[in-house]
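Working notes, structure below.
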Ligand code: 13P
């Protein structure tokens, strides 16, 4: 079973008013949990990997595990390159079987970001690979990507219109107040800005940094055109907390087939909850 692009998934979500959750995966167990839960709930899902994850797991290993998950569950699965910055790296992973890409040029000046994205869009068109890009810049930490509050800035709606028209991307990641990693205090999303972006741009919008954002806020963002909701930290915390408490209760435990199980169960509950928040159950 091959891995699909996220183009049709996100277009359908936009037409029907829900979002596809994108879960960052790191290893066999995260892929198993996300794929099994998605299949059980008949939900489209995206499996996302940062450059650090692909380096950790090995591109061919990760692609093979995701392909097997798609085959085993007869599930149209997209494996997505999260926050990738170099065409050479992207082309290597597309050759390995990936069909969904984010080119992150959000740290670059506007024209350079556009140039970089166009280069990737041209390449990806040849392989029918979907492309997400980011305008504006999220704060917070995502693996090796660490952006301070002073370096983060929100997406400008008119710039977004020009960016989408000139690059031909499939989806746009917007900076409206969400941040990668943990929030210190209550997150605030700029819904007016999101509505203004939606007025200028008719492609699916992407909300990064969705861990820790209250359900009602995520749903409001979806109502305003967000079609992909990215979740990493909530899964990591659920897994780590459950495994830590297992070791507290079983200090002599040493069998990974046992101590990983509560971690997987805790991630499963998070995946179910996010699918429910996104309204994607039954949308396969
Ligand atoms: P969180 O870790 O805040 O959920 O962000 C995930 C993300 O946006 C991946 O790109």
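Here the Cβ of each residue, glycine as well, is placed from N, Cα and C on the backbone.
What TrEMBL says about a protein is an automatic prediction, not a curated fact.
Fair warning: this is a prediction, and the values are worked out from it, not measured in the lab.
Here is what TrEMBL says about this protein:
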type	residues	note
ACT_SITE	82	active site, proton donor
BINDING	83, 180, 208	Zn(2+) 1 binding site
BINDING	104, 134	Zn(2+) 2 binding site
BINDING	181, 209, 210, 211, 230, 231, 232, 233	dihydroxyacetone phosphate binding site
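Recorded features from TrEMBL, shown on the structure.
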residue	record	DSSP class
83	Zn(2+) 1 binding site	strand
104	Zn(2+) 2 binding site	coil
134	Zn(2+) 2 binding site	strand
180	Zn(2+) 1 binding site	strand
208	Zn(2+) 1 binding site	coil
230	dihydroxyacetone phosphate binding site	strand
Between the C-alpha atoms of residue 209 (dihydroxyacetone phosphate binding site) and residue 83 (Zn(2+) 1 binding site), the distance in angstrom, to the nearest integer, is 12
Listed recorded positions are 82, 83, 104, 134; which of them have CA atoms within 10 A of the CA of residue 232 (dihydroxyacetone phosphate binding site)? none
Going along the chain, which residues six or more apart from residue 231 (dihydroxyacetone phosphate binding site) have their CB under 8 A from its CB? 21, 22, 23, 24, 210, 211, 270, 274
Taking the Cα of residue 180 (Zn(2+) 1 binding site) as the centre, which of the recorded positions listed as 82, 104, 134, 233 lie within 10 Å of it? 233
Have a look around residue 83 (Zn(2+) 1 binding site) and count the other CB atoms within 10 A of its CB, chains all included. 25
Sequence order is fine: just name those binding-site residues in 83, 181, 230 with a Cα within 10 angstroms of residue 134 (Zn(2+) 2 binding site). 83
